Amino acid sequence: MGIHGLAKLIADQAPGAIKEQEMKNFFGRKIAIDASMCIYQFLIAVRQDGNVLQNEDGETTSHLMGMFYRTIRMLENGIKPVYVFDGKPPQLKSGELEKRGERRAEAEKLLAQAQEAGEQENIDKFSKRLVKVTRQHNDECKKLLTLMGVPYVEAPCEAEASCAALVKAGKVFATATEDMDGLTFGTGVLLRHLTASEAKKLPIQEFHFSRILQDIGLSHEQFIDLCILLGCDYCGTIKGIGPKRAMDLIRQHGSIEEILDNIDLSKHPVPEDWLYKEARGLFLTPDVVDCSCLELKWSEPDEEGLVQFMCAEKQFSEDRMRNGCKKILKSRQGSTQGRLDSFFSVTGSLSSKRKEPEMKGSTKKKLKTGATAGKFKKGK
């Protein structure tokens, strides 16, 4: 879900913090990509006659086709992508996940009605609402990325939080996702539409977090409180407080606690057992991948492995797979003259513990590494 209305609010209040870019402008950049968001996009967009692509066994293959070609497109533009997969969702997200389940159940009813009435437009609409990224989708994409020579990371919790940690640690330049909560987790740069279909011709939006805070006059903690007021995945919101009012209240009072002391709670009731403090803590000190022990390597594709997996098992065209491998190899040759930051290597080990930066008091947190030895092929 992300943060309700945040993109528009930033566009209104801090337009100078947003740049419109073309993909070629990120040549030589390492970019952490929210994998689940990408796979969801592919399942929605990569279709034939309104239906997801399938192989002869009836297995969905839209996610694989999307992942293969969109990744190649980035590589051809000199980008070094690293995909970050979600881990276990935080307990605070259970309410949001329950709501999503209710919306799916409603969509199933509406789909059945549309099918009975033969309303193709509604059939397409409600079918897309039922799209869900499964563990099998994730596992197949991880296998594909390994065969393509592209690294991936398994986050211990929310992918966007670990993407932000990679940016903060200087391992990558930006987080690529459609959800704005990457900014709430503190990513220095957030990119939207990087993995969108080329046919849509959407410019890539580049958000700069420090400029956002500067232009709206808030600290990171105040920005987090603003996002909670707008609406996030982890708790409810105060009734009757829209985006502009939320911004005004945070600027005036500085925190949710002070706002609650200064508004009419009979007109603006708060949710029962409102867990805004817990949500704030999750944004400030999330469970993230240990960047100090992470090794990211981009290597040559395993052409025969790709043909076996994508052609023999998934029934893709062998010619297209081999042509794709040629494009990957060519992109590797072209990317040797990259940006200065591409010449620095990252070293790591299998597991470790680290402390989150101290933000309020001294909070110690055990963190799990998202990289294991089998997930990255050795580069030349």
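Just so you know, glycine gets a Cβ as well, placed from its N, Cα and C.
The Mg(2+) 1 binding site annotation in Swiss-Prot covers Asp34, Asp86, Glu158, Glu160, and the record cites sequence analysis as its basis. Asp34 (Mg(2+) 1 binding site) carries a strand DSSP state (E or B). In sequence order, Val84, Ala159, Glu160, Cys163, Thr175, Ala176, Thr177, Glu178, Asp179, Gly182 make up the list of same-chain residues 6 or more apart from Asp34 (Mg(2+) 1 binding site) whose Cβ falls under 8 Å from its Cβ.
Secondary structure at Glu158 (Mg(2+) 1 binding site), as computed by DSSP, is coil. The feature DNA binding site is assigned by Swiss-Prot to Arg47, Arg70, Glu158, Gly231, Asp233, with sequence analysis given as support.
Look at Swiss-Prot and you will find Asp179, Asp181, Asp233 tagged as Mg(2+) 2 binding site. The local packing around Asp179 (Mg(2+) 2 binding site), expressed as other Cβ atoms within 10 Å of its Cβ over all shown chains, amounts to 22.
If you look up Swiss-Prot, you'll see 1-104 marked as region 'N-domain'.
Each residue in the region 'I-domain' (122-253) has a pLDDT score, and their mean in this model is 92. According to Swiss-Prot, the feature region 'I-domain' maps to 122-253.
The feature region 'Interaction with PCNA' is assigned by Swiss-Prot to 336-344.
For 348-380, the entry in Swiss-Prot reads region 'Disordered'.
Each of Ser36, Met37, Val84, Ala155, Ala159, Ala161, Ser162, Cys163, Thr177, Asp179 belongs to the same chain as Asp34, Asp86, Glu158, Glu160, is absent from that list, and has a C-beta within 8 angstroms of the C-beta centroid marking the Mg(2+) 1 site. Counting every protein chain shown, the Cβ of Arg70 (DNA binding site) has 22 other Cβ atoms within 10 Å.
Annotation for Glu158 (Mg(2+) 1 binding site): same-chain Cβ neighbours under 8 Å, separated by at least 6 residues, are Asp86, Gly87, Pro89, Pro90, Phe185, Pro286, Asp287. The most crowded of the binding-site residues listed here (Glu160, Asp181, Asp233) is Glu160, judged by how many other CB atoms sit within 10 Å of its own CB.
A distance of 23 Å separates the Cα atom of Arg70 (DNA binding site) from that of Asp181 (Mg(2+) 2 binding site). Gly231 (DNA binding site) sits 10 Å from Asp181 (Mg(2+) 2 binding site), taking the Cα positions as reference.
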